[in-house]
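Asks: Next up is a structure, given as structure tokens.
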Amino acid sequence: MEKIVVPCSSSPSLARSVSDVLGAQVAEVERKRFPDGEMYVRVLSDVAGREAFVLGNTNRDDAYLELLLTLDACRENGASRVIAVVPYFGYARQHMVYKRGEAVSSKVMTLTIGEFADRIITVEIHDEMTLKYSKRPFMNVSVYESMSAYYSRKGVDLVVSPDDGGLHRAEMLAKGLECDFFAINKKRIDSRTVSMEVPNVDVKGKRVLLVDDIISTGGTIAKAASLLRDMGASSVYVTAVHGVFANNSVSKIQEVVDEVAVTNTIEGIFSKIDIAPELASAMEVYMDGRIPEKL
């Protein structure tokens, strides 16, 4: 079946990279706003009878709406199968009710996307519980191979997670880099204060790589980096799968680290790690008719 990559405005560069790997056409898409602010999306390329991979994020409300409209445009214009490729699945941090009266936003996002897509692909979703809400095949893609490849030339001695919850992430990256790993002991004192303590590990003179799944406000990463620097680490690098960098939070991280590099799930100046190979592999799996949950 012939394939076509249909980019949303949130992911134009990644869409081109993925299409290069797949040898697929990148669709031309017209977008505009009506005078009253409503969004207009038109897929100009012919998608009839083709497998359409619509690539876009949901980290902003307007990006989410654009994704839905683009998915529907492909279906309305005869695509044989429509697959939503969502590099950064926004709203996934609210995957359950924490306080009475809350909505489960990740469930809402998953179900609505599934109304317009036959299958869904995302990258390192914040919590895999979200996958269970989907009525469609939903694949979560790991990108630690690309991250390891990027840092292989940095001579990393230790991979560090800023908390216990991310220890598996540090382990995956350390495996690719063939080095040791550990997690910082983080304790929340109150809603605004956390304490951090490095376990019995010598970081003096070591090149350390801090890894998280998402960097949003950057407070935890900046504090962890400062702690490692104070303990004598010779170099501190920071990486994450998704660089949200809310309110220009990257500036406070840069003050205490040697380099910040994230993947291009969210495109920006620090998106130095291209995940197109893993994403294209996942898309090819769906083209083959297989429907794994994890790749």
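These residue numbers are counts, starting from 1, taken along the chain as shown.
Cβ atoms here come from the backbone N, Cα and C positions, even for glycine.
Keep in mind that TrEMBL annotations are predicted by a computer and have not been checked by a curator.
Straight out of TrEMBL:
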type	residues	note
DOMAIN	5-110	domain 'Ribose-phosphate pyrophosphokinase N-terminal'
BINDING	ASP36, GLY37, GLU38, ARG93, GLN94	ATP binding site
BINDING	HIS126	Mg(2+) 1 binding site
DOMAIN	155-242	domain 'Phosphoribosyltransferase'
BINDING	ASP163	Mg(2+) 2 binding site
ACT_SITE	LYS186	active site
BINDING	ARG188, ASP212, SER216, THR217, GLY218, GLY219, THR220	D-ribose 5-phosphate binding site
Asks: So among ARG188, ASP212, SER216, all listed as binding-site residues, which is physically nearest to ARG93 (ATP binding site)? Use the C-alpha atoms.
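Replies: If we rank ARG188, ASP212, SER216 by Cα distance to ARG93 (ATP binding site), first place goes to SER216.
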Asks: Just counting, how many other CB atoms are there within 10 A of the CB of the residue listed as 'active site'?
Replies: 18
Asks: Kindly report the helix/strand/coil residue split of the domain 'Ribose-phosphate pyrophosphokinase N-terminal' (5-110) according to DSSP, in that order.
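Replies: Looking at the domain 'Ribose-phosphate pyrophosphokinase N-terminal' (5-110) with DSSP, the answer is 33 helix, 26 strand, 47 coil.
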Asks: Write out how many residues of the domain 'Phosphoribosyltransferase' (155-242) are helix, how many strand and how many coil, based on DSSP.
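Replies: The domain 'Phosphoribosyltransferase' (155-242) comes out at 26 helix, 33 strand, 29 coil.
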Asks: Across all the protein chains here, work out how many other Cβ atoms are within 10 Å of the Cβ of the residue listed as 'Mg(2+) 1 binding site'.
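Replies: Other Cβ atoms found within 10 Å: 20.
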Asks: Of GLY37, GLY218, GLY219, which of the binding-site residues has the most Cβ neighbours inside 10 Å?
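Replies: Compared across GLY37, GLY218, GLY219, the most Cβ atoms within 10 Å surround GLY218.
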